[in-house]
Amino acid sequence: MPLLRSSQHIKNTYWNIPKKSFRTGVPQFAESKKTRILHLHPLCKSASGVESPPFFDSQTFSSISNRKEFRKMATTVPQVVSLDPTTIPIDYHTPIDDLSIEVKDISAEACPADEGLIVFLLNSAPKHSSSGGSGGNGGSAGSSGNGEGGAQIKINSSVKDNTINEFLKEGNMENFTGKLGTSKSFYIANDQKKYVSLAYVGCGPANEETELEIRKVAYALVTLLHDSKHKKVSIIFEIKIEEALFRFFLEHLFYEYVTDERFKSADKSTETDFIKNLSLHIANADAYKGQIDKARVYFYGTYYAAQLIAAPSNYCNPVSLSNAAVELAQKVNLECKILDVKELEELKMGAYLSVGKGSMYPNKFIHLTYKGAQTGASQNEKKKIALIGKGITFDSGGYNLKAAPGSMIDLMKFDMSGCAAVLGCAYCIGTIKPDNVEVHFLSAVCENMVSKNSYRPGDIITASNGKTIEVGNTDAEGRLTLADALVYAEKLGVDYIVDIATLTGAMLYSLGTSYAGVFGNNDQLINKILSSSKTSNEPVWWLPIINEYRSSLNSKYADLNNISSSVKASSVVASLFLKEFIENTPWAHIDIAGVSWNFKARKPKGFGVRLLTEFVLNDAV
């Protein structure tokens, strides 16, 4: 019996999924769109107040016109034994789908205090001051307490309850300083003698809120939400916050609130009381209402990417990942093309194909396309963009095995984070549907394994642009797959090429776990990415491509080596290598090796989805 087989008797292959999930009983392929497909909440209103129907309920899928064509693009996942997984379980329905959100002007309407949880977001008081304001959102009740440095924290807002307003006036801030990420909870009776939960969440000093601080605030708030189990929650913003940061706050609040339990044997989600109503009380509310829909879309895109990254490699392999991309394309009406090994051979993608030779799973090249409507006077106004994500579903290092301490081989399922970010962006763009932009979502997906067929150190391989590469290290595989993907992208005739990849561990030492690094050959393009970084609140830092180091990639026998012979700046060297496969197109490379994974929480961040989406939208009209 051959070791590698595709059993015809397995009933849970990708296109024959049972109606019930193996873990939760959530309907899979044959159920209604309402529970299967990502969508905007039916009650979600736009800035104009017009209710929007669920996105997918109003769409027709013309790119993949029928089930037969859909099946044709997908591939049966190879198995060694019949119990091997054949699909990536993805939760397309989350508690956020059922969450009704309202944004209310705190200066015009006080927060009700009849039931549920009321949370005050508070800045710490200024140091060395006897009194201070927290944001000036207006109101009648006042409260003071000891802040940092002996100063006072003051609440300016009121609620629709005299008893609670009196409680707020009394202070009750002992041991609460407003320090970032801290909280204090109360359980008190209101005028109707019903008990109401109150909480303070510290946001740190005023005017210092950034992406990093908002993450901590959201995490502290989520802890309160899970502990309280209230279905109705009101959040009173006693802080000033920019619109983009407000949106990011919601995105991260949603992301932290949803728990990934796909691989648990019991369905714990049914035992949880999820919130159903969320009221956001903030000054100048009209300016923030338009951010709600966008926050939902960005959350879904990020959570979708995170699910792919978190899926272990026996579930997420090149075939199952490409199948997931096909399904996504159908759902958001994208054109879809999956290139198999034969087609890749015809394109002479020798660098990419070499990396996957040791795996039981064949290479799969994902190409999804979004074509926005042309609304301008000239067709030339339509920007064409290629986004490339590194898609190594597991990186053992190959014959240069990740065996050294700190090599984190157990985490190498995350080496397809770039691909996940691109697919998450594809969801967002397919949902928002911007005009005057065409986007190609690309990923050269494979697995870097050790076997008798694996490529070896010292091999000389030929990329699709004809350049020969000496393999100095099989663990520098990502740049080989990206090389052929860059050549493919440039042939599409796009205006910009942006690749995103967990490429070099050196990013952990240069920028740590908070900032991604961006390299490129075009200052204007990099500035666009930096601008998108600010509006998406996904931090990126511009790093140089130092041409002086190019000679360290020289090979005695080939055109170049895939690693440097002398230079230790491996992130810069990797960028120099990629640059060899770009001719004239403006190109940027984003290295997310340090920021993709949340090491403390032991889960992915989904980094890059918002950044890439903002980048695309900034070029759309």
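Every residue gets a Cβ built from N, Cα and C, even glycine.
Swiss-Prot has this to say about the protein:
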REGION    129-152  region 'Disordered'
COMPBIAS  132-150  compositional bias 'Gly residues'
SITE      Ala386  site 'Essential for hexamer stabilization'
BINDING   Lys390, Asp395, Lys402, Asp415, Asp475  peptide binding site
BINDING   Lys390, Asp395, Asp415, Glu477  Zn(2+) 2 binding site
BINDING   Asp395, Asp475, Glu477  Zn(2+) 1 binding site
REGION    400-417  region 'L13 loop'
ACT_SITE  Lys402  active site
BINDING   Asp410, Met412, Asp415  Zn(2+) 3 binding site
ACT_SITE  Arg479  active site
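Overlay of Swiss-Prot feature records on the structure.
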residue: Ala386; record: site 'Essential for hexamer stabilization'; contacts (Cβ under 8 Å, 6+ apart): Val439, His440, Leu442, Ala489, Glu490, Leu492, Val494, Tyr496, Ile497, Val498
residue: Lys390; record: peptide binding site; contacts (Cβ under 8 Å, 6+ apart): Asp415, Met416, Ser417, Gly418, Cys419, Ser443, Ala444, Gly478, Thr481, Leu482, Asp499, Ile500, Ala501, Thr502, Leu503
residue: Asp395; record: peptide binding site; contacts (Cβ under 8 Å, 6+ apart): Lys402, Met412, Asp415, Glu447, Asn448, Asp475, Glu477, Gly478
residue: Asp410; record: Zn(2+) 3 binding site; contacts (Cβ under 8 Å, 6+ apart): none
residue: Arg479; record: active site; contacts (Cβ under 8 Å, 6+ apart): Leu503, Asn562, Ala574, Phe577, Leu578
For Met412 (Zn(2+) 3 binding site), just count the other CB atoms lying within 10 A of its CB, please.
20
Other same-chain residues whose Cβ falls within 8 Å of the Cβ centroid of Asp395, Asp475, Glu477, the recorded Zn(2+) 1 site, in sequence order:
Val355, Ile392, Ser396, Gly397, Gly398, Asn400, Lys402, Asp415, Asn448, Thr474, Ala476, Gly478
DSSP residue counts for the region 'L13 loop' (400-417), split into helix, strand and coil:
9 helix, 0 strand, 9 coil
Reduced DSSP assignment, Arg479 (active site):
helix
By a simple count, how many Cβ atoms lie within 10 Å of the Cβ of Glu477 (Zn(2+) 2 binding site), its own Cβ left out?
28
Other same-chain residues whose Cβ falls within 8 Å of the Cβ centroid of Lys390, Asp395, Asp415, Glu477, the recorded Zn(2+) 2 site, in sequence order:
Gly391, Ile392, Met412, Met416, Asn448, Gly478, Thr481, Ala501, Thr502
Of Asp415, Asp475, the binding-site residues given in the record, which has the fewest other CB atoms within 10 A of its CB?
Asp475
